[in-house]
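Residues or ranges marked as domain 'Exonuclease' in TrEMBL: 16-201. Taken from TrEMBL, the feature Mg(2+) 2 binding site applies to D21, E23, H179, D184. What TrEMBL records for D21 is Mg(2+) 1 binding site. Under the heading site 'Important for substrate binding and specificity', TrEMBL lists F27, F75, F122, F144. Positions annotated as region 'Disordered' by TrEMBL: 208-234. For 224-234, the entry in TrEMBL reads compositional bias 'Polar residues'.
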Amino acid sequence: MSDDNTTLSTRFRGYFPVVIDVETAGFNAATDALLEIAAVTLTMDKDGNLVPDQTFHAHVEPFEGANLEPAALEFNGIDPHCALRGAVDETQAMKDLCKTIRKAQKAAGCQRSVIVAHNATFDQSFVNAAIERSNIKRTPFHPFVSFDTTSLAGLALGQTVLVKACRAAGIAFDQSEAHSALYDTQRTAELFCYMVNRYKALGGWPLPVPDSDDDSKQKKAADTSVSDTDNPPA
């Protein structure tokens, strides 16, 4: 196998996939607090298989004036004011995240990072909003491109719910740990790697390189077909 096929920098057009999950105090990224964020970077092993690499995790203090929806807090079980969370300021959390991602992205030889998430639009909106509030000018993340494991799992496994998709892929999932950003990110990373690697194992990657002789034959056949159409037999 050539080196090109075992290099992360060539697998996704130079994009560096970063698996992310957030826990929040609502659904509105502009007004509701970001409470927890986790990220897992990925790398290629010597056989060209995608595997989880580094992990980033932070509990986050609600930004000033943030809305805290009681229903959201009841759902994820987070007490934003609990000192035992060890929460850090949102700006510090996002700066630390971006620094970690930029370093890993550079080491992988990639040009830009892309968020991988389950229902990616939700996580991406909160990450982008937090980065903007933190006045971070040099974000490693593409502003709108993402890989959504919800859609990918629906295609590859016939499941869209994270726990069901993981179990369909043979990945153990402890339901009692769900809605922890760290746990969900780790399982989502395993799921994404499984789907990418299975696609490769089934022959979907790398893409076949067209044979130049075949191209010439196809062009000649097409030209002959057009010629016959222009000059029908008498």
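Using the three backbone atoms N, Cα and C, a Cβ is placed for every residue, glycine included.
Mapped onto this structure are the features recorded in TrEMBL.
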residue : record                                                 : contacts (Cβ under 8 Å, 6+ apart)
D21     : Mg(2+) 2 binding site                                  : I37, A38, A117, H118, D123, A181, L182, D184, T185, T188
E23     : Mg(2+) 2 binding site                                  : L35, E36, I37, N76, I78, H179, S180, A181
F27     : site 'Important for substrate binding and specificity' : E69, A72, F122
F75     : site 'Important for substrate binding and specificity' : H179
F144    : site 'Important for substrate binding and specificity' : Q124
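The secondary structure of E23 (Mg(2+) 2 binding site), as reduced to three states from DSSP, is extended strand. Mean pLDDT for the domain 'Exonuclease' (16-201) in this predicted model: 98. Sitting within 8 Å of the Cβ centre of D21, E23, H179, D184, and not among those site residues for Mg(2+) 2, are the Cβ atoms of V22, E36, A38, N76, A178, S180, A181, L182, Y183, T185.
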